[in-house]
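Student: Take a look at the following structure, please.
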Amino acid sequence: MNVRTVLILLGLALATIFALVCVLLTRGRAPSACQHLPPEQEDPEHGQSLVFADLTPEEMAQVVRYLRGNLGVQLVEASRARPSDNCIASVELQVPAKAEVLRFLDGGGARPPREALAVLYFGNQPDPNVTEYVVGPLPAPTSHRDVTVPKYGGKVPYHRRPALAVEYKQIGEFLKSQVFPTAPAFMRQVMEYDGSSLAVVSAAPRGFQSGDRQSWFVLFQNVSGFFVHPVGLEVLVDHSSLDISRWAVSRVFYNGQYYRDMVQLEGAYVQGRVSVEKVRKAPRDGDFSSMKPRAPSGALFPLQYEPQGPRYSVRNNLVLFQAWSFAFGMSVSTGLRLFDVRHKGQRVAYELGVQEALSVYGSSCPGGMSTRYMDGSFGLGRYASPLVRGVDCPYAATYVDTHSLSEGLRPSRRKASLCIFEHNLGSPLRRHYSNLQSLYYGGLVNSALVIRSIATVGNYDYVWDFIFYQNGAIEGKVQATGYPSSSFLHGDGLRHGNRLWGHTLGTRHTHSINYKVDLDVGGVKNSLVAHDMAFEMTRAPWSPEQQIERPRLTRKVLDTEDQAAFQLHSKMPRYIYFAANSKNKWGHQRGYRIQITSFAGDHIPEASPMERAISWARYQLAVTRRKEEEPTSTSIYNQNDPWTPTVAFADFINNETITNEDLVAWITTGFLHIPHSEDIPNTVTVGNSVGFLLRPYNYYDLDPSIYSHDGVFFTNEQDFMACEINPLACLPQTASCFPKFPPFTYDGFQNM
């Protein structure tokens with residue numbers, strides 16, 4: 001073997017050794033941690049969004065301190081208050097008048113004074129009533145004014161007040177200590193009641209006429225998921241008196257039969273005249289209603305992460321995402337709301353928010369058949385749930401704490417009650433593959449920003465989303481989940497729903513959701529325009545003896561509120577948009593289109609004496625002039641007195657002109673839910689989602705998403721494996737990193 005061969009072999013051996021060493025050194029190396037890049041956006045407002053910010057805990061405490069020292073009456077802690085006491089029901093931000101805010105935001109005017117809205121129950125005075133005060137200026141209030149009469153046209157009678165949690169507690173104690181002991185044999189032998197084995201759910205509204213405060217309380221086994229464990233017993237309690245000792249039972253229902261009270265039921269039971277349907281006692285975990293998984297953990301579900309950090313920013317109450325910016329807040333009654341929504345620096349909406357969530361039930365039992373829940377009265381913001389990382393929102397989302405003061409003298413913090421995240425929807429926002437003439441591919445991933453809250457109001461969980469797309473569209477969406485409400489199955493119960501378990505009737509019900517959408521398209525003054533399509537018969541120009549059905553565009557300006565009020569079953573133009581007083585490059589009025597996704601049916605017959613309280617639900621869409629004295633489509637006081645509603649939306653529509661005016665769209669979406677066996681253990685969100693889209697319509701000269709950094713384009717003549725041509729080719733380098741997931745925490749069971 002010559003020297004040259006030896007050197008070649010030696011070189012090969014050294015190269016092999018070097019390669020093996022490299023493999024061994026890198027084999028166990030984990031990918032590096034993802035490096036976060038700072039978001040591109042800068043705050044263009046320099047803190048202006050704080051004009052919409054929720055009250056801080058310090059501000060709430062100052063308001064309470066002021067009220068306790070300046071009203072001249074004793075205020076009892078609401079969590080301990082009797083109906084005959086005075087107490088603070090809630091304190092939240094008093095949103096300034098729009099004209100003041102716009103002068104500040106757009107005209108260089110002074111910042112509007114910061115004020116609070118306080119709702120007080122005055123039970124300890126000759127004329128018990130509910131009073132609303134505006135208190136300010138904050139942070140050190142020096143004055144208050146009563147806004148009840150200007151706001152509602154009169155005092156709010158005391159019987160209209162939403163029930164406090166303590167009132168339900170007092171009724172529970174009344175049932176336990178005074179009502180159930182009058183039927184000892186029945187309660188022990190049929191209900192197997194031991195003092196804590198039953199849970200109650202209240203129906204609402206509470207009677208048949210103004211002034212009534214009589215509520216049906218439906219009893220369930222006190223187990224996990226008790227909403228689907230009815231026991232057949234329901235009690236009608238008259239709690240209209242401010243003296244708890246005068247509360248009384250008005251009627252009792254058991255298994256299809258009505259009794260004067262529990263004493264009469266006991267007597268009939270002892271004499272063997274009661275048809276008993278004894279329910280099998282469920283274990284504490286609820287058995288069939290338990291949400292504990294029936295399968296062991298398996299492979300981890302897919303996770304979403306941001307390889308270069310979030311591309312949005314959250315600063316106080318301001319969110320910035322690509323071309324979007326908006327302020328957010330949380331109302332005690334209506335929940336998540338947005339203000340000053342801008343795209344490419346231009347305001348497209350002044351206010352977006354939920355107004356009400358209505359559920360109308362039907363059943364063969366009295367509690368179910370009389371229930372028309374108006375959940376805003378209970379509080380869509382008050383019952384905002386703490387969110388669970390990785391389930392309620394993506395694990396790496398930004399979670400925001402909110403603060404509230406309701407039913408107490410001290411503010412409380414709702415940990416992680418809002419989440420904000422960018423979401424890759426896994427589909428293209430737009431794309432085209434060209435295999436004719438030129439060969440190319442162009443597309444844009446549909447990545448959108450989501451802000452979400454979830455309200456748990458009794459049995460139902462509402463997932464509230466506002467979604468911001470790269471093409472300038474906004475989506476408002478609600479998904480319903482939680483437990484179905486149920487009644488005890490007896491007699492002809494299957495006329496009202498499906499059997500879900502042994503004695504459980506899933507009661508059919510409707511959901512109707514109302515939104516307020518205050519669009520400002522190209523300025524405050526807008527008009528409402530409808531476009532649609534109609535067929536016309538015409539002769540074919542190239543063959544005059546033949547006719548052709550030609551679709552043509554129809555256009556109409558809707559001049560009045562009456563023309564812009566579309567009842568549920570009326571035909572609505574398929575394109576309705578707010579039109580600006582400016583045009584795009586092509587000569588069209590710039591606009592934003594309202595597109596509704598809904599399966600709503602009749603809310604309640606208009607002949608019903610309580611229909612005016614929910615008259616917003618007559619309309620799939622109604623557009624009215626914006627007025628400061630018409631801030632909401634309903635009132636928290638409508639639930640307990642729908643027969644004389646404090647706010648009746650139908651009165652907003654009075655045929656005023658809406659051409660070139662500041663306009664508000666009131667949108668109603670909804671669906672029918674007939675619970676079925678797959679609603680056990682509880683209802684899924686799939687198929688139970690409705691909402692609306694706000695889409696640019698000739699607002700831009702072309703689709704603004706063409707300027708997105710996420711676009712992909714390459715031709716057959718380009719090297720699509722080159723990073724500078726196709727950023728997707730670089731993912732093995734740019735996205736091969738280890739995300740920094742924060743540790744899992746949850747505070748949902750603290751300070752209940």
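Heads up, the Cβ atoms here are built off N, Cα and C, so glycines get one too.
So TrEMBL has the following annotated:
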type	residues	note
ACT_SITE	Asp375	active site, proton acceptor
ACT_SITE	Tyr460	active site, schiff-base intermediate with substrate
DOMAIN	161-256	domain 'Copper amine oxidase N3-terminal'
DOMAIN	304-706	domain 'Copper amine oxidase catalytic'
MOD_RES	Tyr460	2',4',5'-topaquinone
Student: What's the CA to CA span in angstrom from the residue listed as 'active site, proton acceptor' over to the residue listed as 'active site, schiff-base intermediate with substrate'?
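Tutor: Taking the Cα atoms only, the residue listed as 'active site, proton acceptor' lies 10 Å from the residue listed as 'active site, schiff-base intermediate with substrate'.
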Student: Could you list the residues of the same chain, at least six apart in sequence, whose Cβ is under 8 A from the Cβ of Tyr460 (active site, schiff-base intermediate with substrate)?
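Tutor: Result: Ser359, Asp375, Ala480, Thr481, Gly482, Tyr483.
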Student: Average the per-residue pLDDT over the domain 'Copper amine oxidase N3-terminal' (161-256) and send me the rounded value.
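Tutor: For the domain 'Copper amine oxidase N3-terminal' (161-256), the model's average pLDDT rounds to 97.
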Student: For a quick check of packing: other C-beta atoms within 10 Å of the C-beta of Asp375 (active site, proton acceptor), how many?
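Tutor: Within a 10 Å radius of the Cβ of Asp375 (active site, proton acceptor) lie 24 other Cβ atoms.
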